[in-house]
Amino acid sequence: MKKVTMLGAGSWGTALALVLTDNGNEVCVWAHRADLIHQINELHENKDYLPNVKLSTSIKGTTDMKEAVSDADVIIVAVPTKAIREVLRQAVPFITKKAVFVHVSKGIEPDSLLRISEIMEIELPSDVRKDIVVLSGPSHAEEVGLRHPTTVTASSKSMRAAEEVQDLFINHNFRVYTNPDIIGVEIGGALKNIIALAAGITDGLGYGDNAKAALITRGLAEIARLGTKMGGNPLTFSGLTGVGDLIVTCTSVHSRNWRAGNLLGKGYKLEDVLEEMGMVVEGVRTTKAAYQLSKKYDVKMPITEALHQVLFNGQKVETAVESLMARGKTHEMEDLVNTFENQVK
């Protein structure tokens with residue numbers, strides 16, 4: 001039996017640990033909070049992040065990083081993007097053999113503009129990692145914890161590693177596909193949080209279904225524009241980690257990013273929203289990173305730019321919506337039309 005370690009005991013890490021134990025694995029969950037580990041080991045629950053879900057006794061918690069990662073065959077990183085470097089640096093000295101690393105977070109590092117797998121390639125020496133795999137898709141932890149049907153994608157530069165992770169997680173409640181396009185998978189997973197924030201804002205403003213449908217559709221267009229420019233496969237954005245993740249994150253009350261946007265739409269200040277949420281809202285940091293990427297790659301991302309104005313420059317949400325609706329007219333399939341015209345020339 002493989003030793004599987006989960007770095008992070010938030011809602012998603014806990015839900016995935018449950019999937020793994022349903023498949024007959026023992027999982028060691030690491031967290032820095034002793035009270036959280038006590039809940040997992042003694043009460044077999046995680047009231048803080050995944051309430052009302054009974055955890056398997058095969059999930060063992062620890063605050064000791066050496067105990068967690070020593071001799072691990074698979075190490076799953078389930079911490080927010082901003083904590084990944086620090087957690088990996090804590091783990092590396094205690095890793096005793098090459099492991100497959102799986103990350104399940106969705107974000108881009110501001111300033112460096114690195115995807116999470118790129119951060120991991122930098123922080124993990126070649127003598128401790130076999131491969132890096134991303135597990136992503138439309139998957140709320142609350143529903144996974146209740147064993148509702150869920151489908152995700154495992155992506156890696158190594159299809160062997162992606163298939164290994166597919167086999168580790170797949171069961172009758174949790175279906176896993178593979179996809180070699182790690183760039184597209186990571187970009188889709190990260191940037192959908194931006195559109196979810198914007199969708200929450202339109203709902204908070206009471207704008208209704210028409211506005212949300214337009215936002216999701218045009219949001220997908222700018223995600224695909226940037227992702228393709230960065231080297232992703234355009235088809236990936238029509239899959240689970242593109243349109244699939246976008247739909248679930250923009251329409252569900254489980255979505256932290258949607259809930260945060262909803263409060264912004266109702267007039268709350270950003271700092272008050274983040275305090276009210278009490279958990280990481282990845283879309284805020286990702287908006288800053290995506291805005292920087294749009295400039296770097298010279299890609300039009302009007303929704304991202306409008307949200308950036310709201311979050312970081314104090315623009316009113318109503319003004320941001322008005323600016324989007326007042327943009328100059330263009331063709332819906334502008335990129336395709338331009339490509340076709342260039343080919344004709």
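Each Cβ is built from the backbone N, Cα and C atoms, and glycine gets one as well.
Record features, source Swiss-Prot:
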type	residues	note
BINDING	SER11, TRP12, HIS32, ARG33, LYS106, ALA141, ARG256, VAL280, GLU282	NADPH binding site
BINDING	LYS106, GLY137, SER139, LYS192, ASP245, SER255, ARG256, ASN257	sn-glycerol 3-phosphate binding site
ACT_SITE	LYS192	active site, proton acceptor
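Mapped onto three states, the DSSP output places GLY137 (sn-glycerol 3-phosphate binding site) in coil. Separating the Cα atoms of HIS32 (NADPH binding site) and ASN257 (sn-glycerol 3-phosphate binding site) is a whole-number distance of 25 Å.
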